[in-house]
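Scroll down for the structure; my scribbles are underneath it.
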Amino acid sequence: MRSVCHSGRVFRTEFVKKQKQNFSSRRMTVNSSQSSFLVFSAYFDSGHLKYLFFVIVMSLYFLIITANVLLIVVICVNRSLHEPMYMFLCSLFVNELYGSAGLFPLLLLQILSDVHTVSAPLCFLQIFCVHTYGTAELANLAVMSYDRYLAICFPLQYHTRMSPCKVSMLIVLTWFSSFLVITVLISLSAPLQLCGNIINKVYCDNYSIVKLACSDTTVNNIYGLISTPLVILCPVSLILYTYMRILKICFSGSKQTRQKAVSTCTPHLASLLNFSFGCFFEILQSRFNMNSVPSMLRIFLSLYFLTCQPVFNPLMYGLTLSKISLTCKKLLCRGSSTFIIV
């Protein structure tokens, strides 16, 4: 009798274990299937105000496209602007258009939508665009600081050291390295098995995806430790070194040298500080709990480097660099006079 009872208890125990395992596997399957669509939890119900937000964001996107395309056309059309500094600026403006295209279309769609979801492939595409934009932006700024360093510290050897071939090589290296680093990053993140589907942001980023993973992320962490110094520390070190040399030349050089340094380096420094501020808050928000910060402010600051930088750069360089501003005025005046004649 005891043996029968014992065997009955064993059978019930085994049955319960199997049921738990089946439930666990079903839950994992559900989680995996849910992960094909990801949810943005940072959006909130704004009622009819969503149409106002849509118009504001759409206007900003239109301004970004207009300003950057105008300056790219001005630099490409005018042979007097076919100099290294303006070629690097053209690369920077192209990057602003690229980064904006990776953010704004999906952002505008989500603002009007009542259900804030995105498919996993589209999310990874946005991650690729956003991360390559940030990497290329910093690399472009580093190359531009190197160009200013040669122009101010070695004015007589500038055209020899910064030849057209070297300019092309630096621009290609900037873009190729950015795409390569982020392609490897995405190839490591895409196969991860996700046990959740909620992203606490209004757009996709790699760190949010890795946090959702229930599979081993050791390789991702190792790659992050290797790629971060390459992507951030190397460009920042180059920028700091070049500006230390420029400051040294300015203090020991003539008044004309100081004026040249101020006129060409001020917009670059302003752009660098603006981008650094946006990236700093984005890193801060990703690593720490920011629930005490109001949601609207948190959303604005998380989007700062993706929305303000693309409009800040063309306005800053277009207004402060005399060659660009004069050429823009001539182009606009010529266009308006042609319109009046027609």
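Placed from the backbone N, Cα and C atoms, the Cβ positions cover glycine too.
According to TrEMBL, the protein carries these features:
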- 67-317: domain 'G-protein coupled receptors family 1 profile' (DOMAIN)
- 51-74: transmembrane segment (TRANSMEM)
- 86-112: transmembrane segment (TRANSMEM)
- 124-146: transmembrane segment (TRANSMEM)
- 167-188: transmembrane segment (TRANSMEM)
- 222-244: transmembrane segment (TRANSMEM)
- 265-284: transmembrane segment (TRANSMEM)
- 296-320: transmembrane segment (TRANSMEM)
Of 51-74, 167-188, 222-244, 265-284, 296-320, whichever stretch has the most CB pairs under 8 A to the transmembrane segment (124-146): 167-188
Chain residues in Cβ proximity to the transmembrane segment (265-284) (below 8 Å; excluding those fewer than six residues from its ends, i.e. six or more beyond): 134, 137-138, 141, 144-145, 148, 152, 239, 243, 246, 290, 301-302, 304-306, 308-309, 312-313, 316-317, 320-321
Intrachain neighbours beyond the transmembrane segment (51-74), with Cβ under 8 angstroms and 6 or more residues off its ends: 81, 89-90, 93-94, 96-97, 100, 104, 107-108, 111-112, 307, 310-311, 313-315, 317-318, 324, 327-328, 331
Mean of the pLDDT scores, which run from 0 to 100, over the domain 'G-protein coupled receptors family 1 profile' (67-317): 90
